[in-house]
Amino acid sequence: MSKVFVIDHPLIQHKLTLIRDKNTGSKDFRDLVKEISLLMGYEVTRNLSLQEIEIETPVGVTKSKVISGRKLGIVPILRAGLGMVDGILQLIPAAKVGHVGLYRDPETLEPVEYYCKLPVDVQEREIIVLDPMLATGGSANATLKAIKDRGVANMKLVCIVSCPEGIAAVQKAHPDVDIYVAAIDEKLNDHAYIVPGLGDAGDRLFGTK
């Protein structure tokens, strides 16, 4: 079973309160989502492997550590996941960025992939999947499957706000994928919105209805 990490750093929780507020405008919402993503990225990358190298400083030679091993990739789920990309890239600017787009079939209500563009060497990378909201888990599960189908074995899912239903759905479908969240909210309502949540993250990021 995958692990769930709740990142409850005071700065994240403060900024989370601001994005929950219905009076927060799109610009501030975008800035805050970026800042929260950056802060979450610190914990998401905590277990990256290191190797020791020798470098020369202005006053001598020393051994120091750098990140080694598997390369990283970032895959936002379109469109709301785009709001988290820049924050993660500030921490790992060398990461490649792919994209997965989904729409909901009006008859089956199941997510359908309409776009998937991943780095050519995606099989060699550890992939961080980004989506501000983990509600039913349908979009996350479809995205994780799409990436796995293209040969990726190592992934993490990073969401800002989640709920028990979404977490359970991802753990059932993808027990090998760890989940990182800033909050686990109470439940889903009858319209599949997280309660208390923060509304539609995509609409609030981009000022659409």
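Using the three backbone atoms N, Cα and C, a Cβ is placed for every residue, glycine included.
Features reported for this protein in Swiss-Prot:
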type	residues	note
BINDING	ARG79, ARG104, ASP131, PRO132, MET133, LEU134, ALA135, THR136, GLY137, GLY138, SER139, ASP200	5-phospho-alpha-D-ribose 1-diphosphate binding site
BINDING	ILE194, GLY199, ASP200, ALA201	uracil binding site
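Of all the binding-site residues listed here (ASP131, ASP200), the one with the fewest other CB atoms within 10 A of its own CB is ASP200. Note: the Cα of GLY137 (5-phospho-alpha-D-ribose 1-diphosphate binding site) and the Cα of ASP200 (uracil binding site) are spaced 15 Å from each other. Among the binding-site residues ARG79, MET133, ALA135, the residue whose Cα lies closest in space to that of ASP200 (uracil binding site) is MET133. Of all residue pairs in the 5-phospho-alpha-D-ribose 1-diphosphate-binding list (ARG79, ARG104, ASP131, PRO132, MET133, LEU134, ALA135, THR136, GLY137, GLY138, SER139, ASP200), the one with the greatest Cα separation is 18 Å apart. ALA201 (uracil binding site) carries a helical DSSP state (H, G or I). If you take the CA of ALA135 (5-phospho-alpha-D-ribose 1-diphosphate binding site) and look 10 A around it, the binding-site residues you hit from ILE194, GLY199, ALA201 are ILE194.
Counting only same-chain residues six or more apart in sequence, the Cβ atoms lying under 8 angstroms from the Cβ of ARG79 (5-phospho-alpha-D-ribose 1-diphosphate binding site) belong to GLY101, GLY202, LEU205, PHE206. Of all Cβ atoms in the shown protein chains, 24 besides its own fall within 10 Å of the Cβ of GLY137 (5-phospho-alpha-D-ribose 1-diphosphate binding site). Looking only at the binding-site residues ASP131, MET133, SER139, the one with its C-alpha closest to ILE194 (uracil binding site) is MET133. Listed binding-site residues near ALA201 (uracil binding site): ASP131, MET133 (candidates ASP131, MET133, SER139; Cα-Cα distance within 10 Å). Looking at GLY199 (uracil binding site) and SER139 (5-phospho-alpha-D-ribose 1-diphosphate binding site), their Cα atoms lie 17 Å from each other. Cβ neighbours within 10 Å of MET133 (5-phospho-alpha-D-ribose 1-diphosphate binding site), excluding its own Cβ and spanning all shown chains: 26.
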